[in-house]
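Asks: Sharing a structure below in structure tokens format, with a few things to ask.
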Amino acid sequence: MRKFNIRKVLDGLTAGSSSASQQQQQQQHPPGNREPEIQETLQSEHFQLCKTVRHGFPYQPSALAFDPVQKILAVGTQTGALRLFGRPGVECYCQHDSGAAVIQLQFLINEGALVSALADDTLHLWNLRQKRPAVLHSLKFCRERVTFCHLPFQSKWLYVGTERGNIHIVNVESFTLSGYVIMWNKAIELSSKSHPGPVVHISDNPMDEGKLLIGFESGTVVLWDLKSKKADYRYTYDEAIHSVAWHHEGKQFICSHSDGTLTIWNVRSPTKPVQTITPHGKQLKDGKKPEPCKPILKVEFKTTRSGEPFIILSGGLSYDTVGRRPCLTVMHGKSTAVLEMDYSIVDFLTLCETPYPNDFQEPYAVVVLLEKDLVLIDLAQNGYPIFENPYPLSIHESPVTCCEYFADCPVDLIPALYSVGARQKRQGYSKKEWPINGGNWGLGAQSYPEIIITGHADGSIKFWDASAITLQVLYKLKTSKVFEKSRNKDDRQNTDIVDEDPYAIQIISWCPESRMLCIAGVSAHVIIYRFSKQEVVTEVIPMLEVRLLYEINDVETPEGEQPPPLSTPVGSSTSQPIPPQSHPSTSSSSSDGLRDNVPCLKVKNSPLKQSPGYQTELVIQLVWVGGEPPQQITSLALNSSYGLVVFGNSNGIAMVDYLQKAVLLNLSTIELYGSNDPYRREPRSPRKSRQPSGAGLCDITEGTVVPEDRCKSPTSGSSSPHNSDDEQKVNNFIEKVKTQSRKFSKMVASDLAKMSRKLSLPTDLKPDLDVKDNSFSRSRSSSVTSIDKESREAISALHFCETFTRKADSSPSPCLWVGTTVGTAFVITLNLPLGPEQRLLQPVIVSPSGTILRLKGAILRMAFLDAAGCLMPPAYEPWTEHNVPEEKDEKEKLKKRRPVSVSPSSSQEISENQYAVICSEKQAKVISLPTQNCAYKQNITETSFVLRGDIVALSNSVCLACFCANGHIMTFSLPSLRPLLDVYYLPLTNMRIARTFCFANSGQALYLVSPTEIQRLTYSQETCENLQEMLGELFTPVETPEAPNRGFFKGLFGGGAQSLDREELFGESSSGKASRSLAQHIPGPGGIEGVKGAASGVVGELARARLALDERGQKLSDLEERTAAMMSSADSFSKHAHEMMLKYKDKKWYQF
């Protein structure tokens, strides 16, 4: 990890290092207009990168273990990860360095340690007595493959079975091999000529620790006497063995086999099993053997004091149950319950009241580890209900497609979301509390609310409470509820852009203050939601359909530093002819049978009941145009104060007024340039005869007939001194819009009438999927020539703000900044009606300002700073309940609109300048406004490209945080763009990371590390220092339960459990040393890490000891004061007694 710690050295070179930038600024600005210096508080010492926590279901699980005393659950994965779970909120993630699959886990029960066996034949001992567990020892087997391990309760000797059939014994304290070895050829019959196969089971007799039960894969089971070093009994069965389990009395054991049978054996009757059971086999007539079933992969045999034992197994279904879901079978007495699971069963464990194997087990629950879920079954209630899982393991319920992270949210947000989400909880869970409740919570120093929003492939959105490094689901929204669902594939309209997951979420735009939510889906649809605590029934879902298509012909090389792009026709990535429609043409098709004016999804036309929470405000869909499918949306922004939403794709940009349900702007990217286009692209539509779209303007489709001055510039009639060339260009553009508006007013009305029918006819046309994710399909060259490799310029960033739109502006005004994939930034002015009543009656006037800025690479993020360098968030409308009672009229709703403008601040004078911060794939610029001079510039990367850039608040200041495709995380000060942090963290290995990585305020960040897990990290030095205290503790001192009472007669006649002195048997004195070539001992870093991890714990203990000492001192002081008071009282009493004695000393008794 590398930080700019040499910044202090470089500070001495500030004069020399800044001279070049000063010269550059002097070239950009006249000496009299030099930018004022802003005192920046963030330094490199404020930054440090470290992982915090990992949430979600362990990806590709492979092993399971449970400590019945500490109540801690461990899960191992195929990638070498280790996840530990305690009480809700206590989780831990560890990773084996080798990355080999975990094949088995064994707790040292109530010792705060865990042994993991990996597929690379390595054993590791983990220390769990520290907040970040670490490996204490490792043992690498060199000549044999490890297949099974067993660690008896309260024993330090670990039995290790191998693929060759041998058993080695490891001392878990020193992690060294004992010289005692059980060879396979000594365990089986001497007359047997075949190898018994790998060891699949090892366990000691619950009543006699000197007897070891060894199960071989071939079907042979051996009861080995450890003292005499010979086999007492051998049990043979024709079918392969998968698992073995003891009855607690040690007189019987049960085996599961590959033919779906269970065999129960008496220890002293090795000839044949006492009972053979086929749980799912069909009993045939004439006493014939049942038909074979699928293998029973695992069986457990648990006893109770008050009833029949439990036999619990996985697998064993009959072969004719094709397509049946995986099952867990619970056999209790004469009843058999088959519990179906949603995914394949990896492993399961029965949770029992006692850790002693020689006592009645009293099982109360079963933990079932599935391929993609963790299920806990209550054995004590009828019907075996499941426990409600408190862990955040449902992140992957549907694949995550996008993420957003919000730190320091309004304090009332989480309770509001929780209250509406609580009504969505399922019923029928067990009434008992979650039994895995070990560990203790950390002392969370962070108190600000954090919310994570995840978008999913099925169109659902989940809100998560991420405060204090925990994660809890708050609320789930299903966006697909507003659309009609096809009953089968034949009924599905062939207008989908994608064949699967047509409702998948691509972009989320959320305003925490107003609670307005806007999403963009993969089918080129946008849905706006408003938060409400009241249930409503929407009779007609408001919707708009937008035509957005623009094609170009030729591109000529512009004069200047930027080479031209190579362009291809827009609208379809192939030039193949479009097949004619096979169904009769209707109003939704153009004259030659091509699909036209048809959205990809069909909105429901029936009343929609909307529960409290997020409720649909407006549905916007892009439609097919002339046989061309709409391009997926690449950028989205919403502003609750203005009541506007804007979105763009590779064809252009559209702005919608969601209050008036009207389209305000519908332009191609080329039209934003006007006559300033450096690429001289000539618009052309090959279907002009069918689509009278004008000489360069896309159809401006709006929800209502809008006056022709809708796009008039608010300054076009003013006499303010603008640049004459810019003013002429703007005026020419406005006249062009006005002319086209008049010419096509009838055509717009006709198109709207067509759209209102919302017809969607099937077609054989299949969309091209090569541009499935436009936001990541860009070329990564080192200059603006990256557009050479793409066919169109897409909208990549959108930002609403109140700032200066032109150089000569004297005051800020509402506007929209638009960034494109070729590094161009446009400014669009917004003229909003004054007053809430006028806002709903008069149109919003939208017009390009003529301001164009350029950077290298696609623009990713834009933000604005005031003259003091403070972040200026967009204006917003505070949340109010929108669904007022019916008796209140419309004026009451109008009064509730209280837009809040936070930019510019009230303390800031109108004349003070602002700064626009623009981050692209290659560089960042800080533009001074209104002069539009480049105040600061930083080339972020030359050889790679920025995947995510965010302007975030940290330590009462602001900075730019970037994540590059080469794995570097960087931060820069604002506005000077000084490098503060540059750490190599994670290279871009898949698009999942690029799609989900995001920064948040207060030094937080996250990304989807696997399809099922979210990794959180921090780049704040303060958070890194406090992390140790924030993490939970896995180990807590707990008294080990007392061993079961042997009873008088059992102790007298030897009927109780027999103990074994394993130290004497396996120690070096009696068994010698093992061969050095057999296994290699590797000391782990756990000792050093334990010291580091315990440092803060020691400090805490010292503080608590000091506090206890102070309390003790106070108590001693109080005691001393009380003692002194008692002594004083005693002296006083003594004096009074002496005086009485002197007074009555000479008197006779009768004189009293």
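Here the Cβ of each residue, glycine as well, is placed from N, Cα and C on the backbone.
Model, not experiment: these values are computed from the prediction.
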Asks: Out of SER460, SER480, SER760, which one does Swiss-Prot list as phosphoserine?
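Replies: Record says SER760.
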Asks: Of the residues SER587, SER724, give the one that Swiss-Prot describes as phosphoserine.
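Replies: When Swiss-Prot is consulted, phosphoserine appears for SER724.
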Asks: Test of record reading: of SER430, SER783, SER906, SER1071, which one does Swiss-Prot tag as phosphoserine?
Replies: SER783
Asks: Residues sitting near the repeat 'WD 5' (241-273): Cβ under 8 Å, six or more positions beyond its termini, same chain?
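Replies: For the repeat 'WD 5' (241-273), the far contacts come to 200-201, 203, 205-208, 213, 215-221, 223, 233-235, 279-281, 292-301, 303, 309, 311, 313, 315-318, 357-361.
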Asks: Take the repeat 'WD 5' (241-273) and count its residues per DSSP category (helix H/G/I, strand E/B, coil), listing them in that order.
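Replies: DSSP classes over the repeat 'WD 5' (241-273) add up to 0 helix, 17 strand, 16 coil.
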Asks: What does DSSP give as the helix, strand and coil breakdown of the repeat 'WD 11' (795-852)?
Replies: 6 helix, 33 strand, 19 coil
Asks: DSSP says what for the repeat 'WD 14' (998-1021): how many helix, strand, coil residues?
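Replies: Residue counts for the repeat 'WD 14' (998-1021) by secondary structure: 4 helix, 18 strand, 2 coil.
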